[in-house]
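> Structure in structure tokens, see below.
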Amino acid sequence: MYPVDLHMHTVASTHAYSTLSDYIAQAKQKGIKLFAITDHGPDMEDAPHHWHFINMRIWPRVVDGVGILRGIEANIKNVDGEIDCSGKMFDSLDLIIAGFHEPVFAPHDKATNTQAMIATIASGNVHIISHPGNPKYEIDVKAVAEAAAKHQVALEINNSSFLHSRKGSEDNCRAVAAAVRDAGGWVALGSDSHAAFTMGEFEECLKILDAVDFPPERILNVSPRRLLNFLESRGMAPIAEFADL
């Protein structure tokens with residue numbers, strides 16, 4: 001098991017079922033050292049208000065030896081790469097994930113989907129692209145992976161895509177992983193938990209990575225320090241409370 005999980009949702013996204021405290025308890029039980037809460041951006045119908053993200057600044061950084069990153073799974077809104085995260089939200093957040101969600105950006109043709117994703121990557125506002133292997137959104141995988149490597153944005157392999165949602169993602173995710181490997185980019189693993197019980201579960205992701213001989217040194221979840229070094233290389237100030245994770 002990797003000790004870092006970068007994608008999960010709380011009851012603030014009302015189709016999810018666990019609280020921050022639930023995730024902390026599960027992290028302690030499973031040996032997770034660092035995790036990110038990434039509730040859906042406010043343009044989703046049942047997402048939290050933007051104040052929810054701004055007020056994450058009141059959270060403790062570490063509880064019982066478990067580090068907590070303040071994050072969002074923002075929505076890609078258009079071909080210009082605009083996302084539903086702005087202003088004071090950026091000031092309060094450590095981790096910005098962004099991806100396609102049908103209520104905000106309906107599936108388009110391959111060229112349009114690719115343009116929107118690459119524009120988001122190039123914007124400098126995003127650390128990780130969520131579930132880029134979604135079969136409903138055809139993309140130019142090679143072009144996206146090369147853009148992500150150039151701009152130091154990780155592409156996610158999402159465990160939930162193989163179990164609960166986005167059925168038919170396997171072939172696309174293998175292609176994404178292979179393209180990131182060839183481009184020298186980063187992969188992020190996400191449980192995409194909507195209930196704390198699945199936190200830290202990456203078994204299906206690892207099957208995808210093993211199938212393409214993906215180099216472990218390019219997986220962000222291997223250690224808290226690797227993930228924090230990545231975020232700091234993207235401009236995040238070092239967080240003193242995380243020094244001993």
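Heads up, residue numbers simply count up from 1 along the chain you see.
Quick reminder: no glycine exception, Cβ is built from N, Cα and C everywhere.
Swiss-Prot lists these features:
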- His7, His9, Glu73, Asp192: Zn(2+) 1 binding site (BINDING)
- His15, His40, His194: Zn(2+) 2 binding site (BINDING)
- Glu73, His101, His131: Zn(2+) 3 binding site (BINDING)
> Just going by other Cβ atoms within 10 Å, which of the binding-site residues His7, His9, His40, His101, His194 has the emptiest spot?
His194
> Out of these binding-site residues, Glu73, Asp192, which one has the fewest other C-beta atoms within 10 Å of its own C-beta?
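It is Asp192 that, of the binding-site residues Glu73, Asp192, has the fewest other Cβ atoms within 10 Å.
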> What's the most sparsely packed of the binding-site residues His15, His131, counting other C-beta atoms within 10 A?
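Candidates: the binding-site residues His15, His131. Fewest Cβ atoms within 10 Å: His15.
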> Compute the centroid of the Cβ atoms of Glu73, His101, His131, then list the same-chain residues not in that set whose Cβ lies within 8 Å of it, in sequence order, for the Zn(2+) 3 site.
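Near the Zn(2+) 3 site, the remaining chain residues are His40, Asn75, Ile97, Ala98, Gly99, Phe100, Ser130.
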> Cβ within 8 Å of the Zn(2+) 1 site's Cβ centroid: which residues qualify beyond His7, His9, Glu73, Asp192?
Met8, Thr38, Asp39, His40, Ile97, Ser130, Asn158, Ser160, Gly190, Ser191, Ser193, His194
> Any idea what the Cα distance is from His9 (Zn(2+) 1 binding site) over to His40 (Zn(2+) 2 binding site), rounded to a whole Å?
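Cα-Cα, rounded: 7 Å.
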> Per DSSP, to which secondary structure element type does Asp192 (Zn(2+) 1 binding site) belong, with helix, strand and coil as the options?
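Asp192 (Zn(2+) 1 binding site) sits in coil per DSSP, no helix or strand.
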> Inside 8 A of the center formed by the CB atoms of His15, His40, His194, which other residues of the chain have their CB, for the recorded Zn(2+) 2 site?
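Neighbours found: His9, Ser13, Thr14, Ala16, Asp39, Asp46.
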